[in-house]
Amino acid sequence: MEEKSEDCKVPEDLFNGLKVADPQEGESASPMVSDPKGQHCQSKLPKAAEAHPQDDHVEEECFHDCSASFEEEQPGAHVAGSKASDDSSSELDEEYLIELEKNMPEEEKQKRREESAKLKEEGNERFKRGDYMEAESSYSQALQMCPACFQKDRSVLFSNRAAARMKQDKKETAITDCSKAIQLNPTYIRAILRRAELYEKTDKLDEALEDYKSVLEKDPSVHQAREACMRLPKQIEERNERLKEEMLGKLKDLGNLVLRPFGLSTENFQIKQDSSTGSYSINFVQNPNNNR
């Protein structure tokens with residue numbers, strides 16, 4: 001029994017030897033040795049204790065917090081990452097706003113609308129100065145603030161943000177914003193026209209033509225839409241012919257690869273189009289070089 005008690009004292013002596021000599025640091029040193037994890041947990045407790053008294057305030061202002069976090073998560077350098085996060089955040093914000101409005105007082109809605117209008121004007125000023133990234137940020141904050149019941153206001157904000165993104169060559173996200181603006185206000189000609197321009201720049205000519213036609217239906221005096229409706233059909237036809245030639249070229253290469261082991265090529269198969277019906281016929285030619 002005595003030997004066991006002496007063995008038990010060894011860790012205690014070692015423990016005492018590891019203590020810091022400074023009496024002011026003695027209390028903080030002993031828990032570091034006895035339980036390193038405990039110190040880690042204790043370091044978090046004051047933060048939690050400080051945050052706890054503000055829980056009610058945070059819950060009340062969570063809408064503003066979402067706006068702040070959205071702004072912080074939009075670094076200009078992260079192009080691919082920011083696009084995905086911006087889009088998903090906007091979708092969540094729309095749903096969140098609708099849920100929030102169920103119990104929101106009318107005064108609060110008007111207050112948020114006024115704050116959103118200020119942010120929009122701030123974005124407009126930044127856009128005029130050429131600060132397109134900052135303008136995009138202001139419009140995003142305004143969208144976070146503006147209640148979903150004010151659909152026309154939100155439609156303008158989406159269209160404005162699309163313009164800011166368009167200036168930064170963020171064409172796909174700009175198209176998404178235009179589509180949201182049109183969804184909220186189907187008669188919003190500026191958003192439709194802006195999306196048509198973006199479709200044309202991304203070589204989506206069919207979609208662009210449809211939007212230009214939609215603009216003319218709503219306002220026949222828009223010269224840009226009328227000119228595009230005259231110009232795009234020919235471009236679409238030329239593009240389709242080019243794509244058809246590319247496809248036939250690829251099929252020809254594939255055919256030559258298959259026929260080569262048999263001593264044949266696609267030159268042995270001549271394709272002729274019937275001018276009256278537009279249909280094609282294929283004729284086999286044994287010596288295609290002799291027929292030229």
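Each residue, glycine too, has its Cβ placed from N, Cα and C.
The feature compositional bias 'Basic and acidic residues' is assigned by Swiss-Prot to 1-12 (among others).
If you look up Swiss-Prot, you'll see 47-64 (among others) marked as compositional bias 'Basic and acidic residues'.
What Swiss-Prot records for 88-98 is compositional bias 'Acidic residues'.
Feature annotation from Swiss-Prot assigns compositional bias 'Basic and acidic residues' to 99-125 (among others). Outside the compositional bias 'Basic and acidic residues' (99-125), and at least 6 residues removed from its termini, the chain residues within Cβ reach (under 8 Å) are 63, 134-139, 141-143, 145-150, 153, 156-157, 160-161, 164.
The phosphoserine feature in Swiss-Prot is assigned to SER90; the stated evidence is similarity to another entry.
The region 'Disordered' annotation in Swiss-Prot covers 1-125.
According to Swiss-Prot, the feature repeat 'TPR 1' maps to 116-149.
The average pLDDT computed for the repeat 'TPR 3' (189-222) is 96. Taken from Swiss-Prot, the feature repeat 'TPR 3' covers 189-222.
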